[in-house]
Amino acid sequence: MSVVTTVRGDVDPGSLGFTSMHEHLNADLSLMAALIKRYGAPELPPEMLELRTDNLAFLREAGAVSSSQCRTTGDVDYTTAELGFFKEVGGGAICDASPIGLRGDVRDLRAASERSGVHVIFATGLYVADCRPAEFAAMDEKALFEFFTREVEEGVEDTGIRPGFLKCALSSMDPSAELQETEVATLRTLGRISAATGLSLQVHTAFPMSHAQVLQGVDAALGTGMAPDRLVMIHMDSFLRPWDALTTYMGDMNAARNISTELQRTILDRGANIGFDSWSATTAILPDDFDRMKGLVDLLRAGYAGQIVLGHDTTTKAHGKSYGYYGFTRFPQFIPGMLTRFGFGDDVFRRLVVDNPARILAH
């Protein structure tokens, strides 16, 4: 019988209920903050990074990653409260999509899950090449396979807490370049583990990657022999329009603002799943929630309801409901009414947040 592996143990897939498939409950952002500095980000006055009401707009737009006060790592009370807000809007389960390089203490995830009553499923795997602990740099695919398999079978270190899905990341600052072999090697490794275990694999993508680079990642994953329905290409709502589209739009009074679902359809037609998982994002160059809604409606009308999952990618306290933003509550309150307006029944939303997650997470 299939199960879903949560931080509290294996459960029946049907017990998850309403599930957000991509969040970061207690992400350790220290490596990412260091990377931003290496990329030349200016040193900010400490007072700008304090988690205060007058700083929230800046923190949400750009500064939260660099703010130690915005990090959720180790704050079980905060995580429990945010899970409670999610539960109030119908939530039953959340995927913590923080692989090694972002992942906090999984014991904190278990504690917050126990206190809130919300199921939490976390990942094994690795984040982007520049945000990995040093000890993983020299590991070849065989060593990575053994390490990740050990976490899947035995749990993280001596906790006994086992991951319920796999996660890796692709990145590129040059849309015309080949993907980084280090990241592709991790993708291949996790694809092989998916093929062996049935665990699903979430693959991070991000601007300014090209469509060709994203599809190269799909090819690499499916080339391992993993089942297409185990693959979730995440952040696909970020590719509804080019990351520099707003510059073009504002610079030409005759230009129209629109989206395209060509990339998403190409991936879906290969049998994989996609995540529309950046609802309420505050990064200015990304599509907004109305762009996302338009793209989602287009794909639903085309018959892809069984291959799409939702999330917020919420990562910091500045984006939490505890500090006046949406946390994990935006799409549960925004999408159902919009779907009704466009003529869809309640069953369609249920597929996106109940049926699809249960199918994908079951192994």
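Cβ coordinates come from backbone N, Cα and C, glycine included.
Binding site for Zn(2+) 2 per TrEMBL: His204, His235, plus Lys167 from the candidate set Lys167, Lys294.
Together with His22, His24, Lys167, the Zn(2+) 1 site in TrEMBL holds one more listed residue from Asp289, Asp291, Asp298, Asp313, which is Asp313. Taking the mean position of the Cβ atoms of His22, His24, Lys167, Asp313 as the Zn(2+) 1 site, the remaining residues of that chain whose Cβ falls within 8 Å of it are Glu23, Cys95, Asp96, Ala97, Ser98, Gln202, His204, Ile234, Asp277, Gly311, Thr315. His204 (Zn(2+) 2 binding site) carries a strand DSSP state (E or B). Those same-chain residues not listed among Lys167, His204, His235 yet with C-beta within 8 angstroms of the centroid of the Zn(2+) 2 site C-beta atoms are His22, Ala97, Cys168, Ala169, Gln202, Val203, Thr205, Ala206, Ile234, Gly275. Looking only at other Cβ atoms within 10 Å, the busiest spot among the binding-site residues His24, Lys167, His204 turns out to be Lys167. Across the structure, His235 (Zn(2+) 2 binding site) and Asp313 (Zn(2+) 1 binding site) are spaced 9 Å apart at their Cα atoms. In this structure the alpha carbons, written CA, of His204 (Zn(2+) 2 binding site) and Lys167 (Zn(2+) 1 binding site) are 8 Å apart.
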